[in-house]
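Engineer: Can you keep this structure in mind? I'll have questions shortly.
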Amino acid sequence: MSRINNADTPTNRRNLSLARGRRRLTYSPSTPMPTPRQTRAPMPTPRQRRSLTPEHVVGDRNAPLRASYTINNSRYNVHGDAEFNPPEDDDDSIIFTDHAAEQARQRAVNLHESLTTTPRSPDYSPVHSPSGQVIDSDDYNSDDDERMLEQILLESAEPPQTPQPAPEPQEDVEVLCHICSCTFTDIKNYNSNFVTSSECNHAVCFKCYVSIVFNKEAYKCSICNRTTLTCRAYNRAGYVELSTVRTVRDNKLIKQHWMQLTESNMPHNRDKTIIEELQLELADLRATTARAHHEVNMIKSDNLLLQQQVDFKNLELQQELNAKVKLQKQNDTLSAANTFLQNQLDAQVAESKIKMDQFVRQHEAFLKKFKSSVM
């Protein structure tokens, strides 16, 4: 039959084991010696004792050490709230060690060693206690050590934990607002959707409070017409005082607020989310199609405009061609007239040359006649 030995066991075995541990671990000199250094032997440190005894960790090693058990030369360290079931064995072989008591006992032993092993200086004088008695190291005995250890153990003992009160059952209550006649469901003594005036304690819902104080510096109660600068909003921890700081009039702000609520604060529904995503995708596709139709219409209008420009340019080109043909005809006519005139000019030049030759011959003949007549 297994036995569970922990802090909640209502038996005297734990107290007896702790008492045995105290008697075994408490050190006090039995007989006074001339010099404390010659009578006291160095006590083994806890590290040396743990090195000779195998240790086992029960629970999380990172949690604080709660208790230790020594069973058959094996040490079991219980951390945190872990449960420990010692193996079936004789009760006398199970030694329970409270970690806090062990630390207090070690501090008492170290204090006793410092008092008994410190050599007196040449200027030593007894220490006077507040009661007027002179305390000397020679007056210490084992009873003083036991009383000091008991006092340290009592001081280091953990205070008893008071049981936490059971949480109150939550009750949903419907509360009516006298201004907007809306009903709100709140948890009684836990939260509230209503705001009360600090003057009259008349309650209104939060949306009515916002409507009343909007663009005002003070809150005026709609029931008793009292005016106050602050109102109170309550929850299970207390209340918060509210006052108007600044008011901004913009109809787009509530739309932005609801857009944020729609994106972040709506209850999650997978089918609804898929439908909304498909609707958004359909809206995007419709917008893309509309933009594509608009671009096609713009391209068609641009094409028509370009076609008109091409037709106009073709008309201008035809006009230029007609003008070119007309000018070519005029050029041909002028060329023919020029050729005719050039031929006439050439004929006249030839005729003039013939006449000039005749004139020269006639002139030479006349000169000969004149010379012959003169002679």
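In case you wondered, yes, glycine gets a Cβ from its N, Cα and C as well.
Found this in Swiss-Prot, in case it helps:
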type	residues	note
COILED	272-348	coiled coil
COMPBIAS	1-12	compositional bias 'Polar residues'
REGION	1-61	region 'Disordered'
REGION	115-142	region 'Disordered'
ZN_FING	177-225	zinc finger
Engineer: Mean pLDDT across the coiled coil (272-348), rounded to an integer, is what?
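Structural biologist: Per the prediction, mean pLDDT sits at 94 for the coiled coil (272-348).
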Engineer: Over the span of the zinc finger (177-225), count residues by DSSP class, listing helix, strand and coil in order.
Structural biologist: 8 helix, 17 strand, 24 coil
